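Asker: Quick one: structure below, then a few questions.
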Amino acid sequence: MPGIEKLPIEETLEDSPQTRSLLGVFEEDTAAISNYCTQLYQAMHRIYDAQNELSAATHLTSRLLKEYDKQRFPLGGDDEVMSSTLQQFAKVIDELSSCHAVLSTQLADAMMFPITQFKERDLKEILTLKEVFQISSDDHDTAINRYSRLSKRRDNDKLRAEAVEDVYTSRKKQHQTMMHYFCSLNTLQYKKKTALLEPLLGYMQAQISFFKLGSENLTQQWEEFLGTIGTSVQNVRREMEEEVTQMQQTIQDMETSCDPLYAPCDPDPAHSPVCRSLTRKQGYLYIRNKTGLVSSSWERQYFFTQGGNLMQQGRGEVAGGLVTDLDNSSVMAVDSDDRRFCFQVTSFDGKKVVTLQAESRKDCEEWISTINNISKRIYLSENAEEIAARVNQSALEAVTPSPSFQQRHESMRPGSKGRVGRAGSISSVGSEPSPALSVLSLDALVAPETPIQFDIISPVSEENSGQSKAAAQSGRRSNPFGESGDSTSEDGEDSILHQLFIVRFLGSMEVKNTESPDIISETMRQILAARAIHNIFRMTESHLLVTCDCLKLIDPQTQVTRLRFPLSTVIQSASHQDNKRLFGFVLQQAGGRAVCYIFESNNDGEKICDSIGLAKQIAFHSEMDRKASEKRKEQDKAKEKQQEELSKQKQIEKDLEEQSRLIAASSRPANPPASDGQFLVLSNSQSEESDAGGEEGKKRGESEA
């Protein structure tokens with residue numbers, strides 16, 4: 001007889017969609033066998049029970065055997081030897097249908113017992129194994145989902161150990177159940193033949209023994225045929241026993257060798273090193289699907305590489321679907337807020353980005369290396385593995401997740417040991433119910449029918465026009481879109497704070513009440529609602545640079561400055577209450593206008609608000625230090641001026657004293673005093689002259705002063 005189709009027990013641990021599809025074919029074949037066996041059992045049971053209707057029941061059996069060719073068995077449906085054998089049996093049974101009278105004992109032992117055992121024991125055993133396998137598969141899916149949802153930020157050893165143990169137990173149970181289930185299905189392909197042939201053979205032997213010699217045509221014509229069929233059945237049974245023994249040995253070997261593979265964590269690197277020269281790979285991964293404007297979900301799918309394409313296939317699907325083209329694509333490990341072992345594949349034109357999660361670090365590194373090799377079209381060369389070994393250095397650089405901008409700049413921040421608190425004007429949206437919201441209406445916050453800007457457009461101001469004129473005078477090229485040609489500006493070179501964040505611009509709109517703490521949350525609500533209504537999903541990605549002087553939006557590819565906001569114009573900033581990745585800030589512009597800008601960030605929006613508050617505090621302290629320095633300089637100048645005034649006054653007094661002394665000396669008489677010690681008395685005319693001379697000296701001294 002031709003070879004028997006069987007399920008590959010070696011692929012049970014991988015549990016690929018192809019194996020599941022093949023399993024579905026065997027299950028359909030089992031259902032067809034069960035259906036056909038039930039009908040055959042009913043026909044033979046009629047032969048056993050209804051002795052008076054034995055002829056009609058035998059005729060029905062013959063008719064069912066003739067219809068074997070019309071049965072649609074997914075496996076073995078084109079077995080011509082089996083079909084011809086059953087057709088011969090159908091003829092014999094049809095000839096004997098009018099001859100049988102009583103065969104109760106012989107038929108019960110030789111015909112009903114084998115087919116009853118096959119129906120009640122073998123088929124029910126397969127149905128039971130199918131239910132157990134389905135339960136173990138569901139338990140494994142539940143355990144692996146629980147393990148994948150382990151929080152990265154709140155790492156709990158107890159929860160992680162329980163999740164790993166659940167995955168180990170469920171995966172081991174699924175693997176063992178699946179192997180035994182496959183073994184039973186493979187065995188059924190042999191038992192199917194014996195279950196159909198043995199009852200017929202027993203039936204014929206009972207007929208021969210009952211009639212002794214029978215008719216001459218019957219014994220001579222069918223004895224050799226029946227002997228051949230008996231030999232064939234024994235050969236099939238012997239082949240089945242050998243196959244069962246081999247499958248049982250394979251199950252034992254795989255249970256021993258696959259025990260370390262049940263755990264989802266990384267195996268010992270010494271025994272299972274990372275292979276970086278792969279050009280083909282397949283396995284289960286989680287893919288991140290965007291379910292809303294700013295929300296996403298993770299779905300477990302079977303991924304495989306086919307040429308230069310990354311394909312995915314779900315359970316029950318016949319073929320896989322294209323995910324992305326890997327030629328000239330880029331791949332790198334990324335840090336996810338809620339998942340581990342994540343990597344990101346970006347198409348060559350940058351329009352499609354796919355975020356995937358592997359089960360372990362080893363699996364993640366092998367996927368990154370494989371995609372990196374495929375992106376360089378190494379799979380098209382003859383010695384693909386040798387060429388892949390040369391480019392492993394770039395893959396090693398890709399598998400190391402780059403630290404977030406927040407961590408990088410936190411380490412570069414001076415005095416990072418003591419974190420400065422957020423400024424008073426920076427607050428988180430919705431942290432506490434604001435009493436102002438009950439007083440102010442929405443119209444007092446944002447004017448109705450206010451236009452919303454969904455793309456970054458540099459505002460045209462007098463400052464930009466002045467810069468354009470200055471650039472024209474200096475011979476520098478001016479960008480009409482307001483972008484600066486320099487990647488870094490002079491106002492940020494002396495700043496002690498440089499923090500960079502990846503943000504996506506959602507929209508901006510003019511606001512009215514800039515003092516209300518709810519203005520940013522209301523602006524977020526209106527912008528997100530407008531995007532959902534108008535089906536606007538495109539967002540401009542930029543780098544937000546926070547310094548002590550200004551906020552800058554920088555193009556991530558050209559490194560040119562798209563927008564620059566002086567820090568003094570930032571009135572307040574806040575993050576969303578529920579979605580911490582959303583944040584915004586309010587700017588005071590010329591003419592008393594205020595505009596609120598809303599962004600989505602890869603980081604926590606509250607951290608960006610903290611950074612802006614820190615920059616405002618540093619700028620405030622710098623301004624206070626500058627004013628104090630200027631005040632000290634003014635005081636020093638006033639003291640110097642006062643000292644100069646005092647020195648001049650002393651000089652004037654000294655000159656006046658000298659002049660008074662000279663005048664007094666010139667007006668003194670020539671006669672000496674009397675010898676008796678008496679002074680001379682001046683006449684009235686002399687005293688008046690002396691007084692006049694003193695007054696003239698004073699006037700002359702004052703004029704000189």
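Going from the start of the chain as shown, residues are counted 1 onward.
Placed from the backbone N, Cα and C atoms, the Cβ positions cover glycine too.
If you look up TrEMBL, you'll see 461-477 marked as compositional bias 'Polar residues'. As annotated by TrEMBL, compositional bias 'Basic and acidic residues' applies to 625-660, 695-705. According to TrEMBL, the compositional bias 'Low complexity' annotation covers 664-675. The annotation domain 'PH' is assigned in TrEMBL to 278-376. Residues or ranges marked as domain 'PID' by TrEMBL: 501-646. TrEMBL lists 398-435, 457-492, 625-705 with the feature region 'Disordered'.
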Asker: What is the number of residues in the compositional bias 'Basic and acidic residues' (625-660) that are helix, strand and coil, as DSSP sees it?
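Answerer: Helix (H, G, I), strand (E, B), coil: 36 helix, 0 strand, 0 coil.
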Asker: Summarise the model confidence on the domain 'PH' (278-376) as a single mean pLDDT, whole number.
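Answerer: Mean model confidence (pLDDT) across the domain 'PH' (278-376) is 87.
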Asker: Kindly report the helix/strand/coil residue split of the domain 'PH' (278-376) according to DSSP, in that order.
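Answerer: Counting residues by DSSP class gives 15 helix, 45 strand, 39 coil.
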